[in-house]
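**Q** Below are the features I grabbed from TrEMBL:
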type	residues	note
REGION	A:1-65	region 'Disordered'
COMPBIAS	A:1-14	compositional bias 'Basic residues'
DOMAIN	A:161-246	domain 'Pop1 N-terminal'
DOMAIN	A:489-580	domain 'POPLD'
DOMAIN	A:727-896	domain 'POP1 C-terminal'
REGION	A:769-805	region 'Disordered'
COMPBIAS	A:779-795	compositional bias 'Basic residues'
Amino acid sequence: MSNAKERKHAKKMRNQPTNVTLSSGFGADKGVKHHNEPHPGTSRQWQTRVNPHSLPDPDVNEQSSSKMMFRKKGGWKAGPEGTSQEIPKYITASTFAQARAAEISAMLKAVTQKSSNSLVFQTLPRHMRRRAMSHNVKRLPRRLQEIAQKEAEKTVHQKKEHSKNKCHKARRCHMNRTLEFNRRQKKNIWLETHIWHAKRFHMVKKWGYCLGERPTVKSHRACYRAMTNRCLLQDLSYYCCLELKGKEEEILKALSEMCSIDTGLTFAAVHCLSGKRQGSLVLYRANKYPREMLGPVTFIWKSQRTPGDTSESRQLWIWLHPTLKQVGENTEETPHRWWIETCKNPDSVSLHYRQEAVFELLGGITSPAEIPAGTILGLTVGDPRINLPPKKSKALPNPEKCQDNEKVRQLLLEGVPVECTHSFIWNQDICKSVTENKILDQDLNRMRSELLVPGSQLILGPHESKIPILLIQQPGKVTGEDRLGWGSGWDVLLPKGWGMAFWIPFIYRGARVGGLKESAVHSQYKRSPSVPGDFPDCPAGMLFAEEQAKNLLEKYKRRPPAKRPNYVKLGTLAPFFCPWEQLTQDWELRGQAHEEPPVASSPNGKENDLRRSEMPCALMPKKTPQPSDKVGTSIDYPREAEEVMDAGCQEPVGPESITDQEASENHVAATGSQLCVLRSRKLLKQLSAWCGPSSEDNRAAWRAPGRAQQGLTREACLSILCHFPRALVWVSLSLLSKGSPEPHTMICVPTKEDFLQLRKDWHYCGPQESKHSDPFKSKILKQKEKKKREKRQKLGHTSSDGLAGEEPVAGQEALTLGLWSGPLPRVTLHCSRTLLGFVTQGDFSMAVGCGEALGFVSLTGLLDVLSSQPAAQRGLVLLRPPASLQYRFARIAIEV
Amino acid sequence: MVRFKHRYLLCELVSDDSRCRLSLDDRVLSSLVRDTISRVHGTFGAAACSIGFAVRYLNAYTGIVLLRCRKEFYQLVWSALPFITYLENKGHRYPCFFNTLHVGGTIRTCQKFLIQYNRRQLLILLQNCTDEGEREAIQKSVTRSCLLEEEEESSEEAAEAME
């Protein structure tokens, strides 16, 4: 029984009479002592009160009376002399009466006094209870009023001090409210639309902001429909903007160290530099490519007034996810926290009209995906609150309105002209004045109520604010072959303070609002990595993974052991995180063990050998094999280690490969055991061509016409592996038949038997993992028993428990039933199918109609698998969720 | 609220042997009743009565015993009580018998009944008493038991005043 429960029970039994036995209270005074008296004080009092009466009675008298009693009762014989001391010799009427009286008093106390844990109000029968009794004592029956009064006083003390120093009306007053709101957002900044969101969303505190995670209404499917056909709206103002000002060359020079042309276009891309388009890239720590990734960013240049004038100072905005902010600020040279600001009075009217014309044309386009990716359009618009529709309605595209097909076609081909990308939002002073001169909602409503005809359009004339905004096209899905342009849309940049003014009209025009979860779904359907969960090589991504693992573990531990999956038995080593480091290390060792002996036909150089052999040796201590339960793996270890040593004494063919290897060695030596994610577009394209089954090879070749299509040869693999010994590749997987993967699902390599089965029967679901044994269970049981024994010992003699008590506690922390404890054994070989990678996002995809997953696989493993698989079935892998034994077939694809 | 319903048997243990009262103990008593039930009603009866059976109150001086059992089978217990003829403890046998005073649904009703019963007993004792000294002592205890309620209240009030 717990302590609180005991206390409660004791309180309940406080007034109840306890058992009275002769043996317990005997000898103190003959039968007068009453154990049923709750307060020893009162019983003593009572005894003293009795004694004076019995003292004056002469002893003889008492004895005689007792003798009389014997006779009356009849036949009571005194026992032997020994026992006569223990038992009362005789019973007198007075003692008999006293016992009765004591019992009566005890019973009376039990009956009359309330001893239950309930309040007075609850002891009343239901039909006598009235609501007003809860706060007005005088409404209670008079016999209970006193107790109720006492109770009420007690609860007043217990109640937390209310912050009701002000009345409700004062608290609702605008001044006090803003003060209170400012106090509440000291720790986590609120977005402008926070209050709107807080009423409709589950809010989370993330990255120093209060963000809406998901709507409280059931809207998963509705949000998907909004993504595909209509409009899904999101407040992204938590993204950070860095403004760089200066000479174009200087900025470019500073930033060129942080990005690589391998990963795609850099800051210096022609379209972006002119200010026509938005660009996106991946930042690395200066000169550290391909390792030490910082994070993905998007950027826009301010368009030049006079093209060709390079001396003019330029403005560059870089948009970052808030998790990357810390890192970003440390490395930038001129960081300016940029806040969206305002402006007034558009001067160049002609430009304004041209921008307006372009915007009109946009209405004729069925999907934003049709115009070039990242197009920027600057506009100056009126106050959206004035022409708010009277009723919530859906804005539908109206193709008939735009008959001007010629112009539309031109727009699609060339994009928005450079002049039209200009917006006053770049000018801080103008932005500030727009923010300051915003008409309050209150004033607008007052003016509306003063209108002559209620409900008619409010015309402010020159007083209406003019707001400079910037529209940026988001390309949606650009990679892969199917559903190109899915999920495309527009980013709207507004001056500070105008968030809510635009937010409500958007919603009145039929936009659906999504939260963080919806954005995750969007990026998953787009098959693009989401920030920061899908960047395991950047610090933000590692932090995110750690936090996620902690949360999942906590959630797992909340369930009783019988109601949660035993991951040890399921053969899942890491159900809550993805051990990328270990995975890549394992594959690196395997790769060296498997691939190099066949190449070792021509032993040329000897001077490199030593160096080569040093590396695996240096790595080996980290990989000290854990005593695993499987005999097979433990035997594997020494042999493989030897093979590695052997392999070190060999050298691949050709002079280029030697230099390659030397370079890679230097690379590896420099960066140590750090893993990286492969982002070189050239290599990714090559890989994606290899991934598909041979029938698709033609198309893949067509997609990369410039380069001679390399075959999937060992030399090609090796040359890649030399550069990236521990790399991960971002892959997308689509399931062949059933199954919907979840995060942390394992990507495994199918065996030859699996392929045979699949060829026989196309509806073959997939193999099953056999159940593993749980070596920790007995340990946990033993520990429990030990603990119990010790506890009993402790109860026996409370002291003398110093070190022995602490030891099991320390052990207990490490062991949780159903989780692998201690360092992980070889992750790749733990199950019957070799592990290749992990899924980071996965769900049933409503866009495709089957289960889809996104994740990372080891580059070494992928090449190994691809080269060993037959051409017809290349790119097939197995997926197994952490809480299941069933493997499912999936097709792997790398989208560039 | 849903609860298990019980029956409480308020019994009086009558014995001439005072050693019997000495050895009266809730463990001894419950085993005694259990044995008797199994002797009288067999294994089924013993099993049926063993659920929820308990000795809730016991006073060795007055011989008052409060037994609890489940409402469904209280008749089995009740009917077994007259078959108890002796109390066995540590090899000694003390002849005794049980008098069932009251059967109630709650402890509270039993307690109320016990108060009434004891008062009646005291009055009877007072009437039958012939000795002067005895008579005085009994009268004292009677008045004490009657006045106890008021006394307690007054003491409580005093305590409150102190607070």
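Each Cβ is built from the backbone N, Cα and C atoms, and glycine gets one as well.
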**Q** According to DSSP, how is the compositional bias 'Basic residues' (A:1-14) divided among helix, strand and coil residues?
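**A** DSSP classes over the compositional bias 'Basic residues' (A:1-14) add up to 10 helix, 0 strand, 4 coil.
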**Q** Per-residue pLDDT averaged over the domain 'Pop1 N-terminal' (A:161-246) comes to what?
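**A** Value for the domain 'Pop1 N-terminal' (A:161-246), mean pLDDT as a whole number: 82.
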**Q** So how many of the residues in the domain 'Pop1 N-terminal' (A:161-246) end up helix, strand or coil by DSSP?
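**A** Counting residues by DSSP class gives 32 helix, 24 strand, 30 coil.
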**Q** Can you count helix, strand and coil residues in the compositional bias 'Basic residues' (A:779-795) using DSSP?
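**A** Residue counts in helix, strand and coil order: 17 helix, 0 strand, 0 coil.
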**Q** May I have the DSSP-based helix, strand and coil counts for the residues of the domain 'POPLD' (A:489-580)?
**A** 44 helix, 7 strand, 41 coil
